Amino acid sequence: TIEPLYFTYGILFACGCSFAYQPSLVILGQYFKQRLGLVNGIVTAGSSLFTVSLPFLLRVLIDSVGLYNTLRVLCILMFILFLAGFTYKPLISNAKDKEGGKKGKFRFPPEKKICNFSVFKVLSYRIWAFGIPAALFGYFVPYVHLMNHVKDRFGDSVPEEVLLLCLGITSGVGRLIFGRVADYIPGAKKVYLQVASFFFIGLMSMMIPLCHVFGGLIAVCLFMGLFDGCFICIMAPIAFELVGAQDVSQAIGFLLGFMSIPMTVGPPIAGLLRDHLGTYDVAFYLAGVPPLIGGAILCVIPWVHERQKLKERAKPGDGETTEKMLENENTLVLDGTEKTVKEMESGV
């Protein structure tokens with residue numbers, strides 16, 4: 001029966017994946033500063049490696065040991081994640097924690113820190129947290145429906161698995177390349193890489209129905225995978241730039257939660273359009289629109305972030321000016337007092 005799978009594979013497995021994925025991004029910022037983009041590219045490229053190799057491995061396992069034993073093999077791979085989690089050792093930067101001698105001990109955080117909504121006080125983060133989900137309504141549509149679209153258009157005469165292979169390979173390459181490129185882009189201007197990635201992802205989605213030759217679809221998937229890797233690998237570096245290292249875990253968590261809604265809604269809507277229209281063409285055209293809209297929203301983030309930084313610099317500047325004025329006044333008073341004392345001594 002499929003009902004138990006809704007709970008085990010649908011809820012428990014999904015929660016476990018989120019618990020494993022988010023800390024793997026956040027922990028990197030504690031160890032790497034200058035090359036955070038490259039490190040994120042290397043770490044996230046692992047998923048592309050398994051996207052390419054796992055389908056072939058699964059086919060061999062299912063044919064040789066059956067479905068149930070194949071699932072047990074996958075459980076062993078998940079257990080490796082369990083062991084890898086023990087390597088996450090946060091660096092303590094707080095002097096109070098060092099004085100208290102609580103290094104290495106787990107302390108359950110207070111409720112305010114579990115749901116820390118203070119990240120939404122940052123305007124640039126609010127725009128980012130709204131623009132990314134807005135761009136992702138059509139994100140999963142090619143991944144879910146591309147194989148069926150190929151069967152509808154080309155039949156069984158073409159190897160549709162090659163398309164997933166192209167997506168996985170170029171996605172891994174894109175994460176390595178754009179992760180390194182992001183290290184050379186200062187501050188919040190890294191967002192422009194995501195803008196470019198959404199533009200090309202939307203454009204490639206719209207070009208899928210226009211490809212009447214299988215080679216054209218391969219080219220589309222190559223470009224789509226490349227910019228998909230760009231979008232994923234610079235997510236954590238942008239979060240560090242917008243909210244800082246202290247709140248980055250909460251910021252990424254909220255963003256991933258918001259992203260899950262449009263990514264879940266998009267493919268069923270595309271499936272409904274296919275059932276009513278008899279073709280995936282309209283679904284792919286519409287899937288390309290949200291990335292273009294979301295990318296346009298993200299364009300304002302660097303400008304907003306720079307204005308925020310200027311305001312923050314202006315506030316302590318006023319305080320420093322006041323302190324300097326007080327210091328000058330104290331100096332003048334002391335100088336006047338010393339002169340008076342000297343005059344009195346000379347008079348005596």
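Cβ atoms here come from the backbone N, Cα and C positions, even for glycine.
Not measured: the values here are computed from a predicted model.
Copied over from TrEMBL, here are the features:
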type	residues	note
DOMAIN	119-348	domain 'Major facilitator superfamily (MFS) profile'
TRANSMEM	6-29	transmembrane segment
TRANSMEM	36-58	transmembrane segment
TRANSMEM	70-88	transmembrane segment
TRANSMEM	123-142	transmembrane segment
TRANSMEM	162-179	transmembrane segment
TRANSMEM	191-210	transmembrane segment
TRANSMEM	216-240	transmembrane segment
TRANSMEM	252-270	transmembrane segment
TRANSMEM	282-304	transmembrane segment
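Between the transmembrane segment (70-88) and the transmembrane segment (6-29) there are at least 3 Cβ pairs closer than 8 Å, counting only pairs 6 or more residues apart in sequence, which means the two stretches are in contact. Per-residue pLDDT, averaged over the domain 'Major facilitator superfamily (MFS) profile' (119-348), rounds to 82.
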